[in-house]
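A.B. asks: Have a look at the structure that comes next, please.
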Protein chains: 2
Amino acid sequence: METEKCVYRFGAAADGVDVTEGDASMNFVLGGKGANLAEMARLGLPVPPGFTITCKTCMGYANSGNEWQQGVLDQIDAATRDLEERMGKRLGDPDDPLLVSVRSGAPFSMPGMMDTVLNLGLNDESVQGLIRQTENPRFAWDSYRRFIQMFSNVVLGVDADLFENALSKRRLIAGVRQDSDLSAEDLCQLVSEFKAIFRDNVSVLLHPELADAAGDAAFPADPALQLRLAIQAVFGSWLNERACLYRKQNGISDDLGTAVNVQAMVFGNKGESSATGVAFTRNAADGTKEFYGDFLVNAQGEDVVAGIRNTEPISQLKANPTFKEAGEQLESIFGILESHYRDICDIEFTIEQGKLWMLQTRVGKRTAAAAIKIAIDMVEEGIITREEAVGRVSPKQLDQLLHPQFDPAADIEVLACGLNASPGAAVGEIVFSSDDAVKAVASGRRVVLVRWETNPDDLKGMTVAEGILTSHGGKTSHAAVIARGMGTPCVCGVESFQIDAKAKEVRISGTDLVLHEGDVISFDGARGIVVLGAVPLTTASLTKDLDTLLAWADEIRLDGPDGRGFHVRVNADNPKDAGLALSFGAEAIGLCRTEHMFLGDRKQIIQSFILSEDAAVRSAALAQLLEVQTDDFLSMFRTMNGRDVVVRLLDPPLHEFLDDPRELAVSIARLEASGAEGERLLEARSLLRRIDGMAESNPMLGLRGVRLSLLYPELPLMQVRAIASAAAALKRDEGLDPRPEIMVPLVSVTREHVQVRDVIEGVIGQVEREYGVKLEIPVGTMIELPRACLVADQIAKHADFFCFGTNDLTQTVFGFSRDDAEAKFIPVYLHKGILDVNPFETIDDAVLEMVSMAVSKGRESNPAMSYGVCGEHGGDPLSIKRFFKDANVDYVSCSPYRVPVARLSAAHAMLELR
Amino acid sequence: METEKCVYRFGAAADGVDVTEGDASMNFVLGGKGANLAEMARLGLPVPPGFTITCKTCMGYANSGNEWQQGVLDQIDAATRDLEERMGKRLGDPDDPLLVSVRSGAPFSMPGMMDTVLNLGLNDESVQGLIRQTENPRFAWDSYRRFIQMFSNVVLGVDADLFENALSKRRLIAGVRQDSDLSAEDLCQLVSEFKAIFRDNVSVLLHPELADAAGDAAFPADPALQLRLAIQAVFGSWLNERACLYRKQNGISDDLGTAVNVQAMVFGNKGESSATGVAFTRNAADGTKEFYGDFLVNAQGEDVVAGIRNTEPISQLKANPTFKEAGEQLESIFGILESHYRDICDIEFTIEQGKLWMLQTRVGKRTAAAAIKIAIDMVEEGIITREEAVGRVSPKQLDQLLHPQFDPAADIEVLACGLNASPGAAVGEIVFSSDDAVKAVASGRRVVLVRWETNPDDLKGMTVAEGILTSHGGKTSHAAVIARGMGTPCVCGVESFQIDAKAKEVRISGTDLVLHEGDVISFDGARGIVVLGAVPLTTASLTKDLDTLLAWADEIRLDGPDGRGFHVRVNADNPKDAGLALSFGAEAIGLCRTEHMFLGDRKQIIQSFILSEDAAVRSAALAQLLEVQTDDFLSMFRTMNGRDVVVRLLDPPLHEFLDDPRELAVSIARLEASGAEGERLLEARSLLRRIDGMAESNPMLGLRGVRLSLLYPELPLMQVRAIASAAAALKRDEGLDPRPEIMVPLVSVTREHVQVRDVIEGVIGQVEREYGVKLEIPVGTMIELPRACLVADQIAKHADFFCFGTNDLTQTVFGFSRDDAEAKFIPVYLHKGILDVNPFETIDDAVLEMVSMAVSKGRESNPAMSYGVCGEHGGDPLSIKRFFKDANVDYVSCSPYRVPVARLSAAHAMLELR
């Protein structure tokens, strides 16, 4: 059986003719570094010759229990001999030795996770050859001691500190401060000491091939053995712990393996005409079209990264007469690479005694702002198309851009962790109540509202706070939902915060720390981390560039195959959010939750409706609600003139509007204990009885949604009258084009929808007659329960649209109460690998299957209907793509601050269909 | 267009030759009565001639706005003339008038719901003919006044009291006590008075055809008009309110219509040689093979039913020389009908001057006990097969038989209503606490435990009480679940009971009634009704007959097509229930809920495991639990030796084992108010903090089931060790054949099952090594969440069996929390026709679709698996049939007392497949 090709050459032969075998497309064969080295060599760029051992070879070695597959070593030997020929030098040659680097290079970048060995090929004889060739004994001995140090540590696991200690000792003896001040003799002496360290710390039992005549471990002099061991070490580093963890976190398969690049060494540390550097072809921080990077004279690459010496900006390279030529060549190479890769490139280079060598290139990582600017500039420069530009900015980056962030340069220490409930970073003084928040902000301070959990009474404080932190509750807790809606950063369920609101202090579990009102904390709501003190923030902005990019994204998403578009609506409950969403590019309101309209001053009214047994009181309350709701809708429809506004009928259980029965029971107990009798106590007891009568075991699955409308038809009557009257008035009196739609929530039985629809249409008809105006108000169903998906064909016959409430659908399909699950077991499930993602953040396959089933049943039964998603998944990039591609929905609706992300994600979904 | 045939003749022509056109199969054409009259006539039995107007005619009349369809009246006229010819008499003939009855007769029996008119054909002239023919003026005038009275009321809606008042007045005037003592003259006078009542109470505007010359309403003398109006009235009675309600309650379509039977009158009240009676061919109460029924000499049928005079038992008929011949003929007809209908028949007959006439027959209704005895006797008599016998007993009847019932003869007044939580009737003195129940029962009294809601601390009282009544909670409340498990009657959610347990009294809302401890109440848990005082009960028994019938049912259900059987298991959590279930014929334990094993004395142990932060305390608690659990399983497996015992790992949220945080908060408030400080208060506060930390918003969807096992692996480790050790010990030390199976509850993600299974198998392996015994313990999944159904193919690869928890599946598919839904909106939904049945009682179509999907995905992926249902639907006859026929499951598992019902239902399911 012939052995598969497992070694690919790159770079020139001795005659200068390129003999490269791979190219940039061979990422999965040669790894990113190897493929791009091959590509650069093909482009005629100055790449030190070498060869790449394939990723598959690594997996073959690992899978056969760290044994070499047959024939592989022969191919490596042949490639090594070939490289010696091409270079006209031999490994270990006592006159003119070839030195090589051995570097890892996986298909996806895994920075710093795997191993590298430099200066391989040196031994006691070849170091003399290096001295002879360079006439620089100090350089040669320094290279040799670096090689022993690196090889011993990387290949054989000898503790790096042992070498550093020897180095320190040698500096002391020599009376110098820096390694660069050590003489060639010092370094020669160090080589001996390093070899002794090697002998004392390597086991010949594990490495019999290293045994010397005395049976001790000797540093291997044979370059072929050095090379084999180094390659094995790089292979092995694919499976080291940090690499495995990194892959898990980044969703990279363990089966890919890493390639190994063996390449002739070039030296940036051969004196003042040598240098080394890293650079981007554009500014990776802000996207400006300028060279961006640093270099160091007389240094090796690791010195640039280590940050020991101060680097010079790359723009200064040409200014140095020594590097004028190399600098000009480098700039021209920047141009070649950018136009070849059609993207910003990240490169490593070395100048050896005036000659430029390219050591690496890849498409450069960039910040969100840079990504947008570069994409737009490249379109204007004619390098890429608008589609490509849109495709190059990830929705995740965009999201980052839209919220303030911790300054990445800031050095932070995490004080506590919680749930990442609403993105963005916040810094402020701790306050423990809504009132304190309002007072502090009025006096010009910035605050973070810290609460056990929030409730509607905290709204004022939440509105003015920089951020909200709670010790309890999950991602759909009141705090989380409201915060996301307002675009305010929020961390929930910070369990280590033991809050005593009365004493205005927080104890931090597991520490002696007690924080008081006024102490400053910072937190990052996207990561769920809390930091003591003020962390510097980077601020968000909606730039002209972003507008341009999103406009291009809109062109793409609205122009799908068969004229099908993918639309973006907003979840907004008030004219302010609606206006904000319009400025963010929302096309319509996909979900207007009316329950938020019953909070604040209006809570009293809905309470008297719920609690009174007196019909007159109840109907007076309804009349009041009708008046304020009509006003609500008048301003919503004005703001959204000519655009759809999907209004959902009242959804939450009514007891959510009532006082907490436990608090009431406690205050009754206190009253009783105080010996109080009389009116007040009787009233409290009677109130408690009524509230208890409304209590539910599992409110999420209780008397809410359409069930409320059927049990208390007064409520939908009032709400629909408010909607229809507002629309009729605007149409008749202001000549506007109001477009309300009414959505019935939580339907599971077809007849629920049918009976409520009858009520709705009765009211609309009445209002039409009263105002003498014809109204066209579609009535649709919120599909958010498994049964609704199963009978979607039946419901569709009576509905004008479906909108999927994927939050509740996820809850019921999984049997997870989101609040409880995110606070108690989802984190553990993610940790144990039971779940790959939190299904409340990214739509689950099975939940998507239900959505998809409902859409196809619906389309078959009622082809005229439209389909949307208004759960929080409607703002998640991956979910958005899947809704469009796998479930065939027409639009997503998300919170105002996620509208730009949704527009971009929708465009990406459309691009993937092309 | 020729008119459809809408009139069918029955009975003999003038020459005695039968001219019947219909037969018993034409139920839906001729109604039950008409079809059976035709069948009897065909059999040569003495049936007074007549004709039947079809059901379709009724619907045609109703659907065209109470207008006659073309040609129908002509057919009726022709049939009337034909009947006159056959009888040799004419309607209204002044010499020898024909009199007819006009009776309703729908396809399904609707006793007393629709109208009848007798003696039609009488008028001032024909009454003279009747006198002439009968030589009995009193009979003739009595018939005439009865006719006017009945016709006026039934056909024209004249208030019946008006006639009764006139009758009373006439008795006063005549100075007699009974109608039968009125003379012919009195009755003649009454006819005049009745006609006057008619004139004064019928509107000629509505009935212009009744106007006399003076423009007043006159009682119609024309027999043809009498007949037409009477038929119209019977048609109209199909749509009267009570008939509609009856149909709705009994699931009879409104579209069937009723037939109308017009039949020559025969008279049981023509003197001492005339009689009338109703009879069953066997004893309909207990099934004994004996004639069963009553007759009255010189009476019309209505007199027998009205119960005005004392009837004589049918067995006495032959003993009366006057009726010897007719009695013998009747007995021979009993034989003819039984062997023809192959079932017990219910008949009505009249003897007119010695001659027997059959007026009706139908398959007789019977009690549950009679149904079983008759079925078995008929097999032994060779009349029906075993399959038929099994098919003739309905599971619903059987259920009735297995619980004590209110004596149907008892006259009850309903005091309050609640949810029918656990069937059976109970009578006892009210007690308000578990302790009081125990004390009262110890002193020999019978009690009903009345509580706001029960909790595990009430178990002792619940065990000894005759029944349990709660004012709160639904059908899965603690009270309901425990009561059903114990077979104790229970009514939940009796909202009108305002319980003050401290004062030991109950106020009944809407009344002035206050009940105290010791007051006797009765309730029927199958109907959810509560009665003040002691209602006499009928007691339940498992008879030899029932055993025989169920054995035949077993033969059928275990011998399905392709050798497939349908098995019945039991849900039992202790050896007592297991033993009971074995005696009821359960084949195995389909669900052993381990949480019930942690109550009582053990609650302390599990509490210290849950609440302690001290590892030593926790592991000591686990060790104690291990010991008691091992004992539990030792006795379970001994009882069930050789039979499968499916043990479910701990399922409920742990906070269910803890104290109620609200009560604790209240007692803390009291302590604080009392000024108490110190240890006790601190401890209570710390306990409350820990309990609060475990609180959940929606416990049904929270940290329970497999989620508990993954977060607290100590729990499944302990439980599996107990199961495996018990099995190993019994196998090794007692030579028994223990067959435990382990079921993982609430799986929604495949890896949940996989990871827990790993833990389970690890422990089993350890125990095998410790005991030196090989154990084969299958591990299965409880499928009770929509997601588990959707990914059933994946889960199936790692499971040995699936058991569907259809309670939770119904909750999640509908998004209904059972407790909340049954207490709040399901009753309204049933009332409004949004739901046809309570989906927690009878499996819903969509839920069944999920089950069916999971079974087929599972069978495809892992053909070796078995499939069962262990939700409460496993005890519901209709659901059982659907599980087998529509979802392809292998067994159901239900509570012990429902095992017989399930065995019978399973046999019915199998019969329907044949």
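Including glycine, each Cβ sits where the backbone N, Cα and C put it.
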A.B. asks: From the candidates B:R527, B:R648, B:R721, give the one listed by TrEMBL for the same substrate site as B:R593, B:E784, B:G805, B:T806, B:N807, B:D808.
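C.D. replies: For the substrate site that includes B:R593, B:E784, B:G805, B:T806, B:N807, B:D808, TrEMBL also lists B:R648.
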A.B. asks: Would you kindly give the Cα-Cα distance separating B:R593 (substrate binding site) and B:H478 (active site, tele-phosphohistidine intermediate), rounded to the nearest Å?
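C.D. replies: Rounded to the nearest whole number, the Cα-Cα distance is 14 Å.
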A.B. asks: Using a Cβ-Cβ cut-off of under 8 Å, list the residues of the same chain that are 6+ residues beyond the ends of the domain 'Pyruvate phosphate dikinase AMP/ATP-binding' (B:30-65) and lie near it.
C.D. replies: 4-13, 18, 20-24, 72, 76, 79-80, 82-83, 86-87, 100, 103-109, 231-232, 234-236, 238-239, 255-266, 329, 333, 336-337, 340, 355-362
A.B. asks: Using all protein chains shown, find which of the recorded positions B:H478, B:R593, B:R648 scores highest when you count other CB atoms within 10 A of its CB.
C.D. replies: B:R648
A.B. asks: Same chain only, sequence gap of 6 or more: which residues have a CB within under 8 Å of the CB of B:C870 (active site, proton donor)?
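C.D. replies: Sequence-distant Cβ neighbours: B:R569, B:N571, B:G590, B:L591, B:V646, B:M782, B:C803, B:F804, B:G805, B:V892, B:S893, B:C894.
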A.B. asks: Summarise the domain 'Pyruvate phosphate dikinase AMP/ATP-binding' (B:328-380) as counts of helix, strand and coil residues per DSSP.
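C.D. replies: Summed over the domain 'Pyruvate phosphate dikinase AMP/ATP-binding' (B:328-380), the classes give 27 helix, 17 strand, 9 coil.
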A.B. asks: Among the recorded positions B:H478, B:G805, B:N807, B:D808, B:C870, say which ones reach under 8 Å of chain A by Cβ distance, listed as they appear in sequence.
C.D. replies: B:D808
A.B. asks: When neighbour density is defined as the number of other C-beta atoms within 10 angstroms of a residue's C-beta, which of the binding-site residues B:T806, B:N807 has the lowest density?
C.D. replies: B:N807
A.B. asks: DSSP secondary structure for B:R593 (substrate binding site), reduced to helix/strand/coil, please.
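C.D. replies: Going by the DSSP assignment, B:R593 (substrate binding site) falls within a strand, counted as strand.
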A.B. asks: In the predicted model, what is the mean pLDDT computed over the domain 'Pyruvate phosphate dikinase AMP/ATP-binding' (B:30-65)?
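C.D. replies: Looking only at the domain 'Pyruvate phosphate dikinase AMP/ATP-binding' (B:30-65), pLDDT averages out to 96.
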A.B. asks: If the substrate site is taken as the center of the Cβ atoms of B:R593, B:R648, B:E784, B:G805, B:T806, B:N807, B:D808, which further residues of that chain fall within 8 Å of it by their Cβ?
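C.D. replies: Those within range, site residues removed, are B:L591, B:D651, B:P745, B:M782, B:F804, B:L809, B:C870, B:G871.
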A.B. asks: For the domain 'Pyruvate phosphate dikinase AMP/ATP-binding' (B:30-65), what are the DSSP-based totals of helix, strand and coil residues?
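C.D. replies: The counts are 22 helix, 4 strand, 10 coil.
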A.B. asks: Please state how far apart, in Å and to a whole number, the two most distant Cα atoms are among B:R593, B:R648, B:E784, B:G805, B:T806, B:N807, B:D808, the recorded substrate-binding residues.
C.D. replies: 15
A.B. asks: Could you put numbers on the helix, strand and coil content of the domain 'PEP-utilising enzyme mobile' (B:446-528), residue by residue per DSSP?
C.D. replies: 18 helix, 28 strand, 37 coil
A.B. asks: How many neighbouring Cβ atoms, not counting its own, are there within 10 Å of the Cβ of B:E784 (substrate binding site)?
C.D. replies: 26
